[in-house]
Each structure stands twice: as C-alpha cells, then as structure tokens.
Amino acid sequence: MGWDRENRELPSHVQNGNTSLDSGHTRLHELGYKQELKRDLSAISNFAFSFSIISVLTGITTLYNTGLNFGGPVVLVYGWLMAGAFTMFVGLSMAEICSSYPTSGGLYYWSAKLAGPGWAPFASWITGWFNIVGQWAVTTSVDFSLAQLIQVIILLSTGGKNGGGYEASKYEVIGFHGGILLLHAILNSLPISWLSFFGQLAAAWNLVGVFVLMILIPMVATERASAKFVFTHFNTDNEEGINGKVYIFVLGLLMSQYTLTGYDASAHMTEETKSADKNGPKGIISSIGISIVVGWGYLLGITFAVTNIPYLLSENNDAGGYAIAEVFYLAFKSRYGSGVGGIICLGVVAVAIFFCGMSSITSNSRMAYAFSRDGAMPLSSFWHKVNKHEVPINAVWLSAFIAFCMALTSLGSIVAFEAMVSIATIGLYIAYALPIFFRVTLARKSFIPGPFNLGRYGVIVGWIAVLWVATISVLFSLPVAYPITDQTLNYTPVAVGGLFIITVSSWILSARHWFKGPITNIDS
C-alpha cells in the first residue's frame, strides 16, 4: 500500500482550507509523498520516543555538575522551571506546524512550506542540515555520557578513586561508546513494532526511575539539606573566575536547556504514526510537559541529598568528581556501610540513558531518510533505502557511524569534543526556531493550521519561542571561565558558526543549482 509520489499538487487543506481528515489517513497523502514507512505507532508510542530522548534522567544526571557549579540549588530548581516554560513555547509552536505538515522530514519540510516558493529551497537546506547535524551531536553526547557513566560505575565497583578503583582510559571509554552505538544500530534495524515496544518501555523506565530515585535517595541519605538550602542557596564559588550572579545563573541554565531537547522526534516519527496530524503534536507537547514536572521532582529529590557542594565537585572524591554518582554512593555508604545500593541506582540511570540513545538513533535515521528522499544528502539514493521491515536501515547505520566519529574528537581534546556536542543544544534549537520564524513572518497570513492550533495566539507564542532561542544562542556562547585560554575558551560559537558557514557555502557553490527543496515544493 503506498501513495503516488508523483502527486505534487498543493495539499487539499491549503487549497480549500479544509483541515478535517478521514480516520486512518494523514496529511502525508496530501503532501504528495509515497508512504514507505509502516504506520504502526500509536499516540503513546509517538510520545514515548520524544519522552525517552528528552530523558530527564539522562540530561540532569550528566550535566548536574554544571548546574551545581554555576549557581547550585537556586539555578537547578528555578532555572529548570524557567527553561521549561520557554521550551513549552517552542514546543507549542512546533506542534501547531506539525499538525499542518506531518512528515518525517519535520523541521526542514516546514521551513520550505512556510518560507514560500522563492525561499523554500534555501530555507529547507539550512534548516535540514542544522537539524540533522544537531541530532547526530545529541546521539554522540548521549551515548558518550553513557560510556562515561559506565567508567564511573566500574570505578566505584572496584573501590572508588580513594580505594584503588579501576579508572578506564579515554580509549576504553571510546570503546564503550562504540559498543553502545553498535547495540543501538542493531536494535534500530528491527521492525517498527519492536521499536514501539522498546520506546514505551523506555518511557515507563524513565517515569518509574525518576520517582524511585527522587524518593529513595533523600530517604536513604543520613544527612539532608534544609528546605532553605534547596530553595534559596546560590552557589557563587565556581573557581572559574566568574562572580556575577546573573552571569552564573545563565551558565547554569545549560543543564536544563540541554536536557529539554529532542522532542522533534515526534515530528520525525509522524509517517509511522496513526492520525499523525493530531498525535504528532500531542507527542511534542506531552513529552515536554511531563518531562518538566518529573524532571523538577528529580532535581528536588537529589538536591535534598546535597550537603557539601565543593566535595561533590572535587575530582578527589570516590566518583572522581561525578556529582550525582557521589551523591548516590555516599547516601548508601553512610547508612549501610556499603555503596552498592548507590551503584545499583546508577545502573537505573544507565539503562535510561541507553534507551535515550536508542530513541535518538531512531529519530536520526528518520530525518536522514527524509532528507535523502529529497536528494539533499550525498548518496541520497543509498540512505533512502528501506529493508523488508520498511526500516531505513542504511540511515540507521549512517547515524551510528557519524555519532562514533564525532566522539573521536575526545581523544585529542575534551575541549574540542565539548565544542562538537555544543551543536546538540544551540544547533538543534536554531533548527527548531527557523520554521517558527518563517511561520510568524513570511507565512503569518498564509499559514493554514491543522487540527491542533493556537488560534490567535499562534503568532505571539511563535515570537516568544524565536526570541528565546536567539537569547540562549548568545548566552550559551559566552565564556565559561576566566582568564580565557585555549583550554577555557567556549568554542560553541566556533562550532555553530562553522556549521553555518559550511552549510551556506555548500548552498552557494553547489546545492542552489540542483536542490529544489522537498519534492512537493517543486511544483507548489
């Protein structure tokens, strides 16, 4: 069963303003694409993919050090709510556009449709490349953070840093990273029905894991922080030469904003989702909303077990400076004389991160599949192929391979690696903001909403989303330590700027001559 790919007429809802759809059909038919991916995902499965990529256990655990170092409890508790509120504005705008254009291309297709015929090819080109490179950076950072957590688990299991524990080398960490990616590629080669099951299992694991840890850790800990400490203490002792409270607060926000990414997965999975014009937007909004609530609970629970910030951040503690690992380990060791329970809790987080990386590869591959379907990638015909299970198998393995290569920069310099993965936050959010920007400017009067829409508030919400992304793009490019040296320079603007230059240069020198945008834009 498939749609005729040669049907390149304008979508019917654009022609006559009709936004209703028969049950069992989506706008994919109206958008003129041949359906090559099996439509087996329910609303819950669509939500599960985004929720497991956001994975509060992943983002908060791996970047808790950043929040603790820059601002401490105040930034962790209130910064999370602030970033969450503005992220919801971005998500609402994306959901409204997704309802009108539910295709696996997602963001870059939206940009093409909303920028208009004259700008469509360039708009989709730059959005698509920022999106796909940002996604690859997300997968790289997620799976590499799991490799680092495995390193810490091994260290604690063998006695800790102060007890002669084994500390894996950077080459062994890269080996862990490669093995994790291999497993993720194998899992993503399975039929979508299996991925749907794993996606729902991942969502359940994240939900249950958060609630268990946020209750268990402060209960087990023999020393707990006071409510006054958790809700009012502002840590200015960061040893980075930064003293201004506003500056410190801004840097601490990175943990929250990095965590709250990846919900575009709901858009990339729409071609495999039933009633995609309704369930895609639901997946985006619900994954953000639930993540904000449970993530805040997790932060509160863990922070109530924090009593000595300098010690938790010290490289001389048993976890080697991995703050949350030390919190878990100390909580059980202080009460039971053994940190085994804390190591098991870290295992719970490790499984959540594993699921996060798995879902991230799923989203990566669908984006690569869609982008190559429209001829935007080198060897597009190869990456666009699907196997007998209707899975874009080549795109799956491409995504895993690139995520491995991006992590190799860590062998040369951790600074270079951090610059690479900075694209995971800034680059991805730029891709989120571009179609929203076109929606509130060039398409302000011509945009035809789908079943989910913001009505008269759509433009206002869109502008807030765009301005927030512009703000964090500047703020997260600021220096994170003084004095500035080659080892302390924030290379985020270099990495993101480099991606922009490469993308625009490739357009001017080559792509503008042959890339016409998503297929349905050729005639429309």
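Numbers run from 1 along the shown chain.
A Cβ is built for glycine as well, from the same backbone N, Cα and C atoms used for every other residue.
Automatic prediction, not curation, is the source of TrEMBL annotations.
From the options 176-197, 242-263, the stretch TrEMBL describes as transmembrane segment is 176-197. Only sequence-distant pairs (6 or more apart) were considered; of these, at least three Cβ pairs between the transmembrane segment (336-357) and the transmembrane segment (43-64) are under 8 A, so the stretches are in contact.
Sequence-distant residue pairs (6 or more apart) of the transmembrane segment (76-95) and the transmembrane segment (136-156) include fewer than 3 whose Cβ atoms are under 8 Å, leaving the two stretches without contact. Beyond its flanks by at least six residues, the transmembrane segment (395-417) meets 135-137, 139-140, 143-144, 170-171, 173-174, 177-178, 181-182, 184-185, 188-189, 361, 364-366, 368-369, 372, 383-384, 486-487, 489, 491 of its own chain at Cβ-Cβ distances under 8 Å. Away from its own ends, the transmembrane segment (284-306) comes close to residues 47, 50-51, 54, 56-57, 59-60, 64, 68, 73, 76-77, 80-81, 84, 87-88, 91-92, 94-95, 98, 206-207, 210-211, 213-215, 217-218, 221, 223-225, 229-230, 259-260, 263-264, 266-267, 312, 324, 327, 331 of its chain (Cβ-Cβ under 8 Å, at least six residues beyond either end).
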